[in-house]
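Single-structure report; data block below.
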Amino acid sequence: MAETSLLEAGASAASTAAALENLQVEASCSVCLEYLKEPVIIECGHNFCKACITRWWEDLERDFPCPVCRKTSRYRSLRPNRQLGSMVEIAKQLQTVKRKIRDESLCSQHHEPLSLFCYEDQEAVCLICAISHTHRPHTVVPMDDATQEYKEKLQKCLEPLEQKLQEITCCKASEEKKPGELKRLVESRRQQILKEFEELHRRLDEEQQTLLSRLEEEEQDILQRLRENAAHLGDRRRDLAHLAAEVEGKCLQSGFEMLKDVKSTLEKCEKVKTMEVTSVSIELEKNFSNFPRQYFALRKILKQLIADVTLDPETAHPNLVLSEDRKSVKFVETRLRDLPDTPQRFTFYPCVLATEGFTSGRHYWEVEVGDKTHWAVGVCRDSVSRKGELTPLPETGYWRVRLWNGDKYAATTTPFTPLHIKVKPKRVGIFLDYEAGTLSFYNVTDRSHIYTFTDTFTEKLWPLFYPGIRAGRKNAAPLTIRPPTDWE
């Protein structure tokens, strides 16, 4: 079979060479035996170089014979053959290509055409190489067959390359649009910041006016008490001056006169010893004296963001137990009985929601996770499925950050976004900005940012708590809602 293929390859190469040789003959002049230059055609139909046929007929005045067929013509008729001239140029180019291919396609060992391909050595070989000891046990096929096979393989490679090229082209086009989109996003965020700080300034101005008014009231109150005390002290001073003059006068009187009413004078002097001299304190209230350090107004604004979150037992999965104050939740292996299967209750996903949801505004709460090895916290929208099997993702109405296997943190996006947290959080802070469409998570332990979801919220959002189903020693502890302590 291999020998037949080799013979077919040889025949194909010979046929191609013969066709090229015939073309070269047709493009040659029969007089000079070179490629035709300015080819012209005479009456008999043969073609010659214009210069060659002119020299051939140089001494003739009539009966001009053809150098090939000897047929004569009465007139010197030379018609340019431009089409043949173009073919001559093509033949020259083919001759050059043939020479180059011949030089490149010859076996360096046998100087024969490399018309075959060896699969094992992945190289072109000549006919002699193919039947030699080196390549005889190998699979050798005609070059055309190998070319076709590898052409098909390359074409198969071309499709994914074109797909990747299209992907890169689309990505590049998308990236080129992003500066404009970024500019719009930055401008939107800038306006949001300006608006928020304008509101902050307004509230601070209100607090400033309130505190300044209270300060002025306190000042007027102290001034009034100072005036009253000054008047009182003035009266006492006059009384004491009169008493001192009375005592001095008594001392200058004679015995009878001095002893007259002396008891009354001495009683007045005794009362002076117990007389209390009071001064009015000008010390301001503590809040005012410490105001530059405490930033009461700003603290008051921040406190307005803190949500008073409690757990709703009507939504709790039957394997969850809530504390009496409804601030803690833990997983138990034994399912609680006699719980009504209300529409609000989760029966597949062991989680619990808060009693209050949010449809606007900014809200902040903190969850103590301690040393638990498995948990998830976040929010879900009001319309989520609570009965059947579900995958809690943003697409299904859940925005969560979770921990599993003790050290694997992720934002439950599609696919999950791994979170590389340096310090294990003992407490997680959650900040919802409904209008801005952001839900941010913070590591309260080291005061670092964990992750922020960005979405468009259109329904009521409920704080969600999942204590984990692995009730091992460390994970048996509950999730607990804690009031933020940094505001005090």
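Yeah, the Cβs are placed from backbone N, Cα and C, and that goes for glycine too.
Annotated features in Swiss-Prot:
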- C107, H110, C129, H135: Zn(2+) binding site (BINDING)
- 181-250: coiled coil (COILED)
- 289-484: domain 'B30.2/SPRY' (DOMAIN)
- 268-307: region 'Interaction with CDKN1A' (REGION)
- 359-488: region 'Interaction with CDKN1A' (REGION)
- 29-70: zinc finger (ZN_FING)
- 102-143: zinc finger (ZN_FING)
Around the Cβ of C129 (Zn(2+) binding site), the count of other Cβ atoms that are within 10 Å: 22
Candidate with sparsest Cβ neighbourhood (10 Å radius) among H110, H135, the listed binding-site residues: H110
Other C-beta atoms that fall within 10 angstroms of the C-beta of C107 (Zn(2+) binding site): 17
Positions on the same chain near the zinc finger (29-70), where near means CB under 8 A and six or more residues out: 76-81, 84-85, 88, 91-92
Model confidence over the region 'Interaction with CDKN1A' (359-488), averaged pLDDT: 90
Three-state composition of the zinc finger (102-143), taking helix and strand from DSSP: 8 helix, 11 strand, 23 coil
Additional residues around Zn(2+), ordered along the sequence, whose Cβ is within 8 Å of the centroid of C107, H110, C129, H135: Q109, E112, L114, V125, C126, L127, I128, A130, S132
